[in-house]
Amino acid sequence: MAAGGASPSIVEFFGGEDGYRCGYCRSDTGNLSHGMWAHSMTVQDYQDLIDRGWRRSGKYVYKPIMNQTCCPQYTIRCQALHFQASKSHKKVLKKMLKFISKGDVSKVANEEEPMDSHIEDVATCDFPYKSESQVSQSELTPLAVDHSERVEDEDKDSGETKEEGNVEKVESDSVQICTDKDTPVPAEPSHSAKAAHAPPKPGKGADLSKPLCRKAKDIRKERKLQKLLQNQMGTVEGSQLQRDQAFLLQNSKSKTNQPKNIEDFVFVPLPDDAQHKLEVRVVRSSPPSSQFKATFQESYQVYKRYQMVIHKDPPDKPTINQFTRFLCDSPLEAEHAPDGPECGYGSFHQQYWLDGKIVAVGVIDILPYCVSSVYLYYDPDFSFLSLGVYSALREIAFTRQLHEKAPDLCFYYMGFYIHSCPKMRYKGQYKPSDLLCPETYVWTPIEQCLPLLEHSKYSRFNQDGKAVDEGRLKELGKVRVLHKRTVMPYSVYKKRRKGPSDEASVQQYASLVGQTCSERMLLFRS
């Protein structure tokens, strides 16, 4: 029914009339947003929605009413392939490397603002739970598709195309992206490396069929790296091992006069007597994989301590139910594609294991064009490691690794940038980055946006006055509706509906999600 054989997205739209408490300026009712409950959602639909300013908290998907809300929240993305770590970023990476190698990092208070340590507004207010759906699962299972415009006789529905709503879902085990001491995700060797060169005739220059002369230091480093890989990856099949080695060696070769990138700090061979062992595992959280289930309790305890120490929650507040609904539940379907990442698309927890125990968890979505950061929580005992900044840098590096297998995946979405809240401006330090224009939904370099935001907390970034939203609603009749377990265009549903008209609500929904998503997703109507 949906592209790629996945079940279609099914949503309930709630509008956005009521104001909620703001987690930034503490206004009691100033936080205004439109919201919908997503019973299921394809990764492509969610990608298209976040490119129109939407964002999820658990299964609740919301879009700030930008020109009315107290603290406008602009979608921000980092161009991961062009990212250059700043001095402060490198300081954090060096600190972690020093801690793992020597264990002697001074536990001073860190100045860096951790990613989402200030919590997105969804964590500090309760609108996702007030708006939770009450619809039964049976009502959400489409049994038929009705494209008919003639609805005079409802008994003559025998011509409807029958489609099974329960499309078989792809089972996906969690994938361990990094093993001991941070061996990176497998990457395809570059095609250019395979190109053969014919040796030149004598006296016509260097013999390109022979390796270049190299420093003994580089050769020793490479041998050590190969030995390290063989020790770590003994159980991995040979072909995958070779790809891993090629990726690591390619990144380890000395780069003359080039600034170091994240990988130079993260994927480096550690001394044999390293004091600590850091391992990063990516486990699928929805549907929960066996590894996710096995580590659920430990992960929850880290979250509970984080909320109590960092956000001063009372001991009874961060319940398992809240943790599950906010950080584990996801409407995203697990999807796989031939040219997609090996772990597939969907929702994951990126677990940071230090000496055999979880010290931090990054909640992420892997989408067709990006890795989207949802949230981060960590063990407060390790605050001195600046885990918020470190995890953001690791997620950027992870995005670049996924790009090796999935060429379209090249951005790192950091949630919302809130210029009116000074503590939330740190996201602008991950450069180059873009903000989403709230009126035309085009990406604009953040440097062009900041002067406008200094002048007004709400601003249109697209300076072309004639530009309009290219994805805007054009045909309301084509909006797809799920009514009485039958899929139909809005034009048919409108004629069948009994009672007062709901056209204004459907029009608002379709305008916010755009024409493309409104024709793909199913809007549930009771």
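Cβ atoms are placed via backbone N, Cα and C, with glycine included.
As recorded in TrEMBL, the features of this protein are as follows:
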type     : residues : note
DOMAIN   : 21-91    : domain 'N-end aminoacyl transferase N-terminal'
REGION   : 133-211  : region 'Disordered'
COMPBIAS : 158-172  : compositional bias 'Basic and acidic residues'
COMPBIAS : 188-206  : compositional bias 'Low complexity'
DOMAIN   : 298-437  : domain 'N-end rule aminoacyl transferase C-terminal'
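The helix, strand and coil residue counts that DSSP assigns across the domain 'N-end rule aminoacyl transferase C-terminal' (298-437) are 55 helix, 42 strand, 43 coil.
Across the domain 'N-end aminoacyl transferase N-terminal' (21-91), the model assigns an average pLDDT of 95. Note on the domain 'N-end aminoacyl transferase N-terminal' (21-91): DSSP counts are 16 helix, 24 strand, 31 coil.
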